[in-house]
Amino acid sequence: MEEDIDTRKINNSFLRDHSYATEADIISAVEFNHTGELLATGDKGGRVVIFQREQESKNQVHRRGEYNVYSTFQSHEPEFDYLKSLEIEEKINKIRWLPQQNAAYFLLSTNDKTVKLWKVSERDKRPEGYNLKDEEGRLRDPATITTLRVPVLRPMDLMVEATPRRVFANAHTYHINSISVNSDYETYMSADDLRINLWNFEITNQSFNIADIKPANMEELTEVITAAEFHPHHCNTFVYSSSKGTIRLCDMRASACVTGTPNFLKEPEDPSNRSFSLKLSSSISDVKFSQQWEDIMTRDYLTVKVWDLNMENRPIETYQVHNYLRSKLCSLYENDCIFDKFECVWNGSDSVIMTGSYNNFFRMFDRNTKRDVTLEASRENSKPRAILKPRKVCVGGKRRKDEISVDSLDFSKKILHTAWHPSENIIAVAATNNLYIFQDKVN
């Protein structure tokens with residue numbers, strides 16, 4: 001990545017594009033696999049679409065960042081909880097890949113209540129010549145079998161199959177907001193509003209409760225769990241965030257189940273900022289460990305913060321995402337925008353941070369140069385392999401030609417979900433029902 005992020009030239013391309021969107025088409029999860037060769041998206045209709053990267057050729061260097069549809073399958077269906085008279089949406093809340101161990105790929109997907117483990121594999125041969133079955137798979141009468149045949153494998157068109165290998169259900173009373181694969185690759189955790197459960201991939205009927213903040217009296221409830229993630233290298237360590245802006249680092253060696261809500265990382269409250277809207281805006285919507293350093297990144301409504309695990313009382317870095325909205329928090333509360341859950345991601349070297357905003361804008365912050373840039377993902381100003389231009393939001397009355405007034409922002413167009421290729425400067429951005437790929441300019 002170039003040092004001057006303001007002058008960076010970025011190409012973009014569409015991956016998924018609908019001229020008209022239904023509620024089911026809205027993308028709700030985006031995730032690269034560990035190599036970056038596959039990119040998975042989930043939507044509110046319960047579908048998972050997997051894209052595969054085009055093989056690079058010497059004659060088509062400009063296509064090095066292009067992805068095509070690899071597999072599509074229905075992960076979750078709408079359900080109804082008859083005991084509680086509640087509808088369970090099919091919406092995919094999170095997708096997490098497992099490291100590839102063989103020719104097949106494995107991923108976790110979850111809706112509000114159920115986590116599923118999927119196997120995605122290729123098949124280019126089919127068996128023929130069964131003795132007890134005919135060519136259509138029907139059983140043959142043994143009395144008609146006069147010769148013994150040896151089954152053989154015949155070539156066939158490549159078929160990508162997605163099959164559910166495990167279904168992890170009936171363990172969450174509240175809505176699941178996070179799943180995270182442990183670094184031992186044998187376990188993973190799922191977090192809802194009040195509890196975090198630890199699962200073994202081989203056991204579907206039992207999980208262990210490793211965090212519980214539910215009070216004895218629900219009238220005393222003051223916060224909920226908003227996000228959780230395992231440490232990328234230490235299998236005993238995980239972190240979770242809360243709606244009060246607190247971050248709790250937990251060690252499973254110290255306690256089998258973390259109870260209560262003690263503060264671990266939290267910025268002191270500003271006595272001058274005690275309004276109800278500002279308290280809501282301090283709720284953390286995403287938390288991520290860095291890959292290279294002992295840092296944690298959090299996203300609240302207005303900012304992205306980076307925390308050093310050795311400094312509990314303040315973040316070491318704070319980046320303003322859309323500070324121009326601070327004066328509009330009351331109206332954003334009235335239209336429920338203040339409850340939007342924005343995600344944040346690191347690049348492969350943890351040197352650049354990316355997160356979304358409104359009007360289909362997304363922000364990038366270079367931690368080394370302290371430069372930032374606002375870019376837009378939209379069909380109106382973007383064509384495949386076009387170069388994106390930085391955008392600026394004007395707060396005052398006067399604005400330049402290339403600026404947009406804060407009063408003109410479209411709050412129905414929001415980028416909540418983003419993903420960064422693990423080793424290259426290729427990013428995926430979900431803008432409502434459209435998926436965009438961006439990459440550094442190819443010379």
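Heads up, the Cβ atoms here are built off N, Cα and C, so glycines get one too.
Quick look at what Swiss-Prot annotates:
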MOD_RES   Ser275  phosphoserine
MOD_RES   Thr298  phosphothreonine
REPEAT    22-61  repeat 'WD 1'
REPEAT    87-128  repeat 'WD 2'
REPEAT    171-209  repeat 'WD 3'
REPEAT    220-260  repeat 'WD 4'
REPEAT    279-317  repeat 'WD 5'
REPEAT    334-375  repeat 'WD 6'
REPEAT    410-442  repeat 'WD 7'
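Rounded to a whole number, the distance between the Cα atoms of Thr298 (phosphothreonine) and the residue listed as 'phosphoserine' is 21 Å.
Ranking 22-61, 279-317, 410-442 by CB pairs under 8 A with the repeat 'WD 6' (334-375) puts 410-442 at the top. Cβ neighbour density within 10 Å is lowest for Ser275 among the modified residues Ser275, Thr298. DSSP states for the repeat 'WD 1' (22-61), grouped as helix (H, G, I), strand (E, B) and coil, give 4 helix, 21 strand, 15 coil.
The residue listed as 'phosphoserine' carries neither a helix nor a strand DSSP state and counts as coil.
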